[in-house]
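A.B. asks: Take this structure, written in structure tokens, and hold onto it; I'll ask about it next.
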Amino acid sequence: MSEEHEPVEERWVLVRHGETAWNVANRLQGRSDVPLNSTGRQQAERAGVELSKEGPWDLVVCSPLVRAHQTAQIIADYLGIWRILEVDDLVERDYRAAEGRSTDGLSAAELEELMAQTEPEDEVVVRAVRALRKLVAENSDSRVVIVCHGTLIRLVLGALSDTPHPHVLNGQILELNTDRLHEFVQQ
């Protein structure tokens, strides 16, 4: 007699990568390829354990940057998923000349001037939403873990809810409302 399982409901979560040395130093990482530190690996393990308790998952997706891929690999190991899909448009915001700079000791005016030279927030949202919509279209009725970056997650969730989203912690797991993703219209 075969055991019957209830169908598992579609679910999409965003996970911020684990901590790096640059996070500790308050340096803008952007597209710099900085690996996880030991705390970051522990954060990824905690996320993997937590997600493994929430039923089966179908897919793990990540940004191509090493910190996201390392986090995704640790999570995938806990979920028993052997293949990770890298999506280029889930890469972190391009901080351009600000890349690698520490934000410690900067006045609000200095920080604003520095951030004015970076990839515009609306461009980050447009490329991320485009990538997420494509993923949802190709993986409907699936349970998907997406590992990417704090600024990208914060901007996307803020745009989808029309409310600024607070800082996203390393290793934090957040729900992605795919209905809002489809309804989102770039202003």
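Cβ from N, Cα, C; glycine included.
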A.B. asks: Which of R67, R127, R130, R133 shares the substrate site with R16, H17, G18, E19, T20, A21, W22, N23, E92, R93, D94, Y95 per TrEMBL?
C.D. replies: R67
A.B. asks: Could you measure between Y95 (substrate binding site) and H17 (active site, tele-phosphohistidine intermediate) for me? Cα positions, answer in whole angstrom.
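C.D. replies: So the alpha carbons of Y95 (substrate binding site) and H17 (active site, tele-phosphohistidine intermediate) sit roughly 18 Å from each other.
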A.B. asks: Whole-number answer please: how many Å between the C-alpha atoms of G18 (substrate binding site) and E92 (active site, proton donor/acceptor)?
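C.D. replies: Between the Cα atoms of G18 (substrate binding site) and E92 (active site, proton donor/acceptor), the distance comes to 14 Å.
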A.B. asks: Measuring Cα to Cα, tell me the gap between R67 (substrate binding site) and H17 (active site, tele-phosphohistidine intermediate) in whole angstrom.
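C.D. replies: Pair distance, Cα basis, whole Å: 6 Å.
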